[in-house]
Amino acid sequence: MNKVTTKTLFEKKQKGEKITMLTAYDYTFAKLFDSCMVDILLVGDSLGMVILGYDSTIPVTMEDMEHHVKAVARGTKYSMVVADMPFLSYHTTPEEAVRNAGRLIRAGAYAVKIEGCDDVIDKIEAVIKAQIPVMGHLGLTPQSVNVFGGYDLRAKEEKEAKKLIEDAKKLEEVGVFAIVLEKVPAMVAKQVQESVKVPIIGIGAGPYCDGQVLVCYDMLGMYEDFKPKFVKRYAEVGSIIKDAVSKYIDEVKRGEFPGKEHSY
């Protein structure tokens, strides 16, 4: 079982094989997903919401990301580990972007993911020149939520769609190995996918992308605060956990647990 690399992903796109990607934030989930042979595990700054309880990804720090990257990396043998670069970790200077990207690689990530294009393309290029693989992220970029005023659909208008395609080409030119495309119309995503050679991984971007990514807590039914239209719940693990905990509480209160089989 060979570990997934950037070459693996390029070959999948060329062969028309879909790429699978999920978020992971700890050793236990990473080990489970890795055993299922998920291609990419994203240590997303979404941990700010689903793990740390923030309202957005903006408060997440480099220290938060390093901590969770280390845990996920310990649980993977097959999956590529990609780490989000958090808010303000790459926005100031190319030098700081390289230093922070390096911290995440040393923590165990194979690559980093950076949101945006024009405002940060010099930073993306610097990180790639430092021999660190970069995954791009276009469309809805959650770290810019305060600028855009919400999590609305992007690239609805023709002008914005054309800009999205241009941005994808720019990112490809500077050397990103893949691009996440978030919350854009399916036909726009199809145009982007056909315009570049690098894999396009969609989240709320329709079926024409080269792969798909979801937040694991969303697709497992564990995060009830927010459920976007693009999320499919493959299980209701939250309900299973609640039922199990309620049963445990009941058995402890009634003196049924621990029984003889659980005692020494």
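Counting begins at 1 with the first residue displayed.
Cβ coordinates come from backbone N, Cα and C, glycine included.
In sequence order, T57, V60, M65, D84, P86, F87, P142, Q143 are the residues near D45 (Mg(2+) binding site), counting only same-chain partners six or more apart with C-beta under 8 A. Following the DSSP three-state reduction, the secondary structure of D45 (Mg(2+) binding site) is coil. If you look up Swiss-Prot, you'll see D45, D84, E115 marked as Mg(2+) binding site, on the strength of sequence analysis.
S46 (3-methyl-2-oxobutanoate binding site) has a Cβ environment of 23 other Cβ atoms inside 10 Å. Annotation source Swiss-Prot lists 3-methyl-2-oxobutanoate binding site at D45, S46, D84, K113.
Around the Cβ of E182 (active site, proton acceptor), the number of neighbouring Cβ atoms within 10 Å comes to 22. Marked as active site, proton acceptor by Swiss-Prot: E182.
Listed in chain order, the extra residues whose Cβ falls within 8 Å of the Cβ center of the Mg(2+) site residues D45, D84, E115 are G44, S46, T57, V60, M85, P86, F87, K113, I114, H137, P142, Q143. When the neighbouring Cβ atoms lying within 10 Å are counted for each of the binding-site residues (D84, E115), the highest count belongs to D84. Our reading of the 3-methyl-2-oxobutanoate binding annotation (D45, S46, D84, K113) yields a largest Cα to Cα distance of 13 angstrom.
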